[in-house]
Amino acid sequence: MAMSPALRNSVMAAISGGAIAIASVLITGPGGNDGLEGVRYKPYKDVVGVLTVCYGHTGKDIMPGKTYTEAECKALLNKDLITVARQINPYIKVDIPETTRGALYSFVYNVGAGNFRTSTLLRKINQGDIKGACDQLRRWTYAGGKQWKGLMTRREVERDVCLWGKQ
């Protein structure tokens, strides 16, 4: 599935804000609830049983039964993306475009830094093979041992943005 024109335009507008801004727009979408994660203000269990809230935030700080505000959700996302950046930036040993970095932040926000650090995707980045690294995103479409259409769509969008700097 191709990226919607509205999401494409929003991501392009975020480029000047850097990789965290790009990842944030990918996750939240142009309308704030139509991105790669969607938003839910009440905690719920995701497809693999992890307590989740807002734009996919997980962690011990989630309060079951609480209804989160949009501002709280955006603050959690920003905090989470700053954490993602700190976790993965030291492992990226080559210069990459901000669009590639933003797509990687979105990806790692979804799969976790541990998975990224041991991935072929990271190895390809550090070998200077940006296209090969971006193509690796298509392999990450499973959760709980099952392939998910939503993850397939997400990875295609992330791959598209990942490759923007190569075009």
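Any Cβ shown, glycine's included, is placed from N, Cα and C.
Pulled from Swiss-Prot, these are the features on record:
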- 10-32: transmembrane segment (TRANSMEM)
- E37: active site, proton donor/acceptor (ACT_SITE)
- D46: active site, proton donor/acceptor (ACT_SITE)
For a quick check of packing: other C-beta atoms within 10 Å of the C-beta of D46 (active site, proton donor/acceptor), how many?
13
Could you pull out which residues elsewhere in the chain have a CB under 8 Å from any CB of the transmembrane segment (10-32), counting only those six or more residues past its ends?
3, 39, 55-56, 70, 74, 77-78, 81-82, 84-85, 98-99, 101-106, 109, 157-158, 161
Near E37 (active site, proton donor/acceptor), which residues of its own chain have a C-beta under 8 A away, given they sit six or more steps off in sequence?
I27, T28, Y55, G56, N110
Secondary structure at D46 (active site, proton donor/acceptor) (DSSP, helix/strand/coil)?
coil
